[in-house]
Amino acid sequence: MDVNDSRAGRKEWVGLAVLALPSLLVSIDLFVLLLAVPQLSGDLGAGSTDQLWIIDVYGFLLSGFLITMGALGDRLGRRRLLLGGAAVFGVASVLAAYADSPAMLIAARALLGVAGAAMGPTTLALITGMFRDPKQRATAIGVWLMSLMGGSAIGPVVGGILLGHFWWGSVFLIAVPAMLLLLVLGPILLPKDRPRRDPAPLDLASVALSLAAILPAVYGIKELARHGVQPTPAAALIVGLLFAAAFLRRQRTLTDPLVDLRLFGERTFRTALGAMLVNTMLPGTVMVLITQFLQLVAGYQPLRAGLALLPAVAAGLLATQVAPLAARRIRPAPLIAGGLAVSFVGLVLLTSASDATTVITGMALFNVGAGPLVTLGTGIVVGAVPPERAGSAASLSQTANEFGFALGVAVFGSVAAAVYRHGAPAGAGDSLAATPPALLDQARAAFTDGLHVVAAISAVAIAVTAVLCLRALRHLSPVGQDQAKEEEARLPEHA
């Protein structure tokens, strides 16, 4: 047996680029939208409630459909579902670009959320199948995840250019060429996976229960953070938790559940999955707040803000490339915990940052520290379960990534907004952009306080995660060592 048979070649790496480019542009699209809201609101006559739904409905639907799409990928084939999601995403992007009313734009954004949910879990599953060598897989996953994070920095640059030369609808059209590229090259470069043989029919009751659990829960958490304790969001959260309990109860009775709860019996699996969830909740929110800080507090234009953040993103990208190399010699537990300690230092810097240099430095440290967990987390999750359940583990891993990002933006973004409203002077707008000039200094201080609070909460979460990883993952060997030992043991048999 050739020990190099499992290593990916040029075709797989080109395929990774085909997968990463749409992910990058979808991420850019999310952050560019924040810049376009003032223009599109004026053109469409969107009120404050319409604006919230335009921004939030994508994350709500993305979160709600992730579990269902992961199960559909097992039944229909992941490549088929990915390409179908890309086609719908492209069509929905065009509909959003040419929307002539707030309702039409909200509907298009909702469709984008469903399509994004179809693309998310399938992308990671395909990457896992394309890169079977643990070292290559860690690098490939790091490249793909950093493409998601990179959009938050590149977004303001792209947005500044587009909104300076074209109408607001252009921000939705940037994803269309990438989706077309994926539809053309995907069937050639991506492996054709076979759907599971004789799978049980998709349990529609579980689908309904998962949506009934996630959608009201995310809405309730977001609104409670935004407006404080009020009857409607509190009731929504309770309803979501009740449906979640019913969903979990049903999964225990099914022979082919949407979520295989048996996986959570493995300590390594649940620790790594939980760490990934925490780690993905933070970058999106922190990047959004820092992008707004640079523009609304430091006074940067969108293009300058995006360029200022590029070093922080580059530092994160470099960390994702160095981490797999370090993982060949250092055990995952100290490597991941050490990385999270660096992220902790970056977040501590952000808790008192009041200038652009300190903010960018804190973000760079956070990105560097996240590198080991970003690149190694999925491999640990998949490797912690028996091979026959690796597909379910990979699906849950991607669900944690996507759901964590959406939930983080919703929850921590709302916390920052609540702190801002509490500290903003009377007469200030709901945001810095809507605040009268005479009140801007106080409003900027209130916004900065919101960034500090989110950074402090995030620092505590990262510290706890680092300790848990150090304890629960200490038995794992450096990446590739176990596989090398197995190959050495097989060599005499083929000599």
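Cβ atoms here come from the backbone N, Cα and C positions, even for glycine.
Given the structure is predicted, the values throughout are model-derived calculations rather than measurements.
The domain 'Major facilitator superfamily (MFS) profile' annotation in TrEMBL covers 15-473.
Feature annotation from TrEMBL assigns transmembrane segment to 12-37 (among others).
The annotation transmembrane segment is assigned in TrEMBL to 81-99 (among others).
TrEMBL lists 105-127 (among others) with the feature transmembrane segment. For the transmembrane segment (105-127), same-chain residues at least 6 beyond its ends with a Cβ under 8 Å from one of its own Cβ atoms are 15-16, 19, 22-23, 26, 40, 44, 46, 50, 53-54, 57-66, 68-70, 72-73, 78-79, 81-82, 84-86, 88-89, 91-93, 95-96, 99, 137, 140-141, 144, 172, 190-191, 193, 378, 391, 394-395, 397-399, 401-402.
What TrEMBL lists as transmembrane segment is 139-161 (among others).
For the transmembrane segment (167-190), same-chain residues at least 6 beyond its ends with a Cβ under 8 Å from one of its own Cβ atoms are 11, 14-15, 18-19, 21-22, 24-26, 28-29, 32-33, 35-36, 39-40, 43, 79, 82-83, 86-87, 89-90, 93-94, 96-99, 108, 126, 130, 158-159. Under the heading transmembrane segment, TrEMBL lists 167-190 (among others).
If you look up TrEMBL, you'll see 202-221 (among others) marked as transmembrane segment.
Listed as Cβ neighbours of the transmembrane segment (233-250) (distance under 8 Å, sequence separation of 6 or more from its ends, same chain) are residues 203, 205-206, 209-210, 212-224, 227, 257, 259, 261. The transmembrane segment annotation in TrEMBL covers 233-250 (among others).
Outside the transmembrane segment (271-294), and at least 6 residues removed from its termini, the chain residues within Cβ reach (under 8 Å) are 31, 34, 149, 152-153, 155-156, 300, 304-306, 308-309, 336, 340, 347, 350, 356, 359-360, 363, 366-367, 370, 373-374, 377-378, 380-381, 384, 396-397, 400-405, 407-409, 411-413, 416, 432, 447-448, 450-451, 454-455, 458, 461-462, 465, 468-469, 472-473. What TrEMBL lists as transmembrane segment is 271-294 (among others).
Annotation source TrEMBL lists transmembrane segment at 306-326 (among others). Cβ atoms under 8 Å from those of the transmembrane segment (306-326) belong to residues 135, 138-139, 142-143, 145-146, 149-150, 152-160, 287, 290-291, 294, 300, 335, 339, 356, 360, 363-364, 367-372, 374-376, 479 of the same chain, restricted to positions at least 6 beyond its ends.
Long-range neighbours of the transmembrane segment (359-382) within the same chain, counting only residues 6 or more positions beyond its ends whose Cβ lies under 8 Å from a Cβ of the stretch, are 124, 128, 134, 137-139, 141-142, 145-146, 149, 268-269, 272-273, 275-276, 279, 282-283, 286-287, 290, 293-294, 298, 308-309, 311-313, 315-316, 318-320, 322-324, 326-327, 332, 335-336, 338-350, 353, 390, 393-394, 396-398, 451, 455, 462, 469, 473, 476, 479. Here TrEMBL flags 359-382 (among others) as transmembrane segment.
As annotated by TrEMBL, transmembrane segment applies to 403-420 (among others).
Under the heading transmembrane segment, TrEMBL lists 450-473 (among others). Beyond the transmembrane segment (450-473), the same-chain residues lying 6 or more positions past its ends with a Cβ under 8 Å from any Cβ of the stretch are 267-268, 271-272, 274-275, 278-279, 281-282, 285-286, 289-290, 293, 331-334, 336-337, 340-341, 343-344, 347-348, 350-353, 359, 362, 369, 373, 380, 412, 415-420, 423.
Sequence-distant contacts of the transmembrane segment (12-37), counting only residues of its own chain at least 6 positions beyond either end whose CB sits under 8 Å from a CB of the stretch, comprise 51, 54-55, 58, 86, 89, 93, 116, 119, 123, 126-127, 130-131, 140, 143-144, 147-152, 154-156, 158-160, 162-163, 168, 171-172, 174-175, 178-179, 181-182, 185-186, 189-190, 287-288, 291-292, 302.
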